[in-house]
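Report on the following structure.
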Amino acid sequence: MSRSLKDIIKGFRDYLGEGVLVAGLTFLLVPILTRVMSVAEYGELNVFMSYVSIASIIFVLNTHSAIARYYYENNSQFEGFLGTNLLLTVVLFSFSACLFINYFDYPIFLKYALLALVATAILESVFRQIYQAQLKSKTVAISGVSKAILILIFVIILSFAYHDGGMDIAVLGRIAGAGVLLVYFVYAIFPLVGTKFQTAHVSYIACYALPLIPYALSNIVLAHFDRIMIQELIDNVNAGLYSFAYNIGFIMSLVVSALNNSIYPVFFKNYTDKSYADHDHYIVQTQNIVLLAFVGLVLFCEEIGFFLGPSSFQESIQIVPIVVLGYVFYSFFSIYNRNFDYLKKTWLSTMVMMIAVLFNIGANYLFIPVYGYIAAAYTTLGSFILLFLLSWLISTYVLQIHSVAVMKLLRPLLKLVPLLVFALLTKALTIEWYISFMLDLCTMVVTALVLFPGTVSLLRQRR
């Protein structure tokens, strides 16, 4: 096994472990929050956290997003760049904070809470970018899990201390948990900060980060806007059903995100060294992990849904395979989108993402009123396929940069079609649940052997 593939697998293990643990800890928060909050307050909290995500981009014009990219390119001058970037970020944040405090009509407590959470989110992003680039995935994962644990602890303490705190408890718990980690982030980042301000670095930041603002915002829209549209075009019940199925499919996003985080540092090294054969090899191998997770969720989504929600939610399980298939194509998109990042043509990422978002919004308006929430799953799948196709075409035929042959990605997926058809047919039969479960396990084993045929020969050698 090559060193690059070992680094990717190690990073994938750490980031996936972080994602699963954080998701589990977040899930534990739900019964605590629903005990101290009304339904309306719980909805307001989710909207507030969406505002935090958006403000983290807009308040500083996305300047902090350029840090990892510069590290990959020229880490000999990284300290000076980091100092310039942080100074620029602080100036922009201070200016935006003054405008927000004085001119926006929003509850005063939530104004200051939002600013506190935005500040911690930005500094956490800086920390994660640096340590991911340095292949310190274990440190990044521990920090993420620690933050989730601290938030859970503070929310529990506050919920016992203030029974009628409502939304304030959830917000203060997040601020307290993130605030403790803030001290560590400052400690970890400070030794790397240079003191020399350079205008050339400002130009680099502007050229890289500003075109990515619509891209970052479009990602948020693509992730959440369909639920809002279902609520507006139909009702809250359908929005709840769709959200339940999508939250099961979210497990797939943990796999894709973990792989992307672990691949980025190795990708830049391979492209700089022109080690394209190594790059293509580990891309195919890691995408097989995505496909294995995809099949696993298709096979066992009913069992997962049974444990996560009551029978009234189970009808939405039918769209989970469509949701997770969408993440497969989003993973394909990420492969070619990295080429835009490597060439610093981030405006292409923005253009492709905005086309997909416009398609998604238009298709949802057309089909949700006719076919219900099920249509949203298919329109999101269509949006992810569009992202993949556009990024592949531009990378391969317009930029003409080395790109993984598209059939290397699609061929393993096509091989799985007979297995998936067999699995779906058996689920349609009226058979005992344990027989169905055993058939699913057998299908999972066969899938693993199809995707990783070298495993059989390796086991034979060990025998």
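Quick reminder: no glycine exception, Cβ is built from N, Cα and C everywhere.
Note that the coordinates shown come from a computational prediction; the quantities given were computed from them, not determined experimentally.
Lifted from TrEMBL, the feature list:
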- 12-33: transmembrane segment (TRANSMEM)
- 48-72: transmembrane segment (TRANSMEM)
- 84-103: transmembrane segment (TRANSMEM)
- 109-127: transmembrane segment (TRANSMEM)
- 139-163: transmembrane segment (TRANSMEM)
- 169-190: transmembrane segment (TRANSMEM)
- 202-225: transmembrane segment (TRANSMEM)
- 289-310: transmembrane segment (TRANSMEM)
- 348-368: transmembrane segment (TRANSMEM)
- 374-401: transmembrane segment (TRANSMEM)
- 413-431: transmembrane segment (TRANSMEM)
- 437-459: transmembrane segment (TRANSMEM)
* Asked: Any chance the transmembrane segment (139-163) and the transmembrane segment (348-368) are in contact, meaning at least three CB pairs closer than 8 A with a sequence separation of 6+?
  -> no
* For the transmembrane segment (202-225), which partner among 12-33, 48-72, 84-103, 169-190, 348-368 gives the most CB pairs under 8 Å? -> 48-72
* Residues of the parent chain within Cβ reach of the transmembrane segment (48-72), under 8 Å, 6 or more residues beyond its termini -> 78, 81-82, 85, 88-89, 92-93, 96-97, 100, 110, 113-114, 117-118, 121-122, 125-126, 129-130, 132-134, 167, 171, 201, 204-205, 208-210, 212-213, 216-217, 220, 224, 264-265, 268-269, 272, 341, 344
* Can you name the far-off residues of the same chain, 6+ from the ends of the transmembrane segment (169-190), with a Cβ under 8 Å from a Cβ of it? -> 29, 33, 36-37, 45, 48, 82, 109-110, 113, 116-117, 119-121, 123-124, 126-127, 130-131, 143, 146-155, 158-159, 162
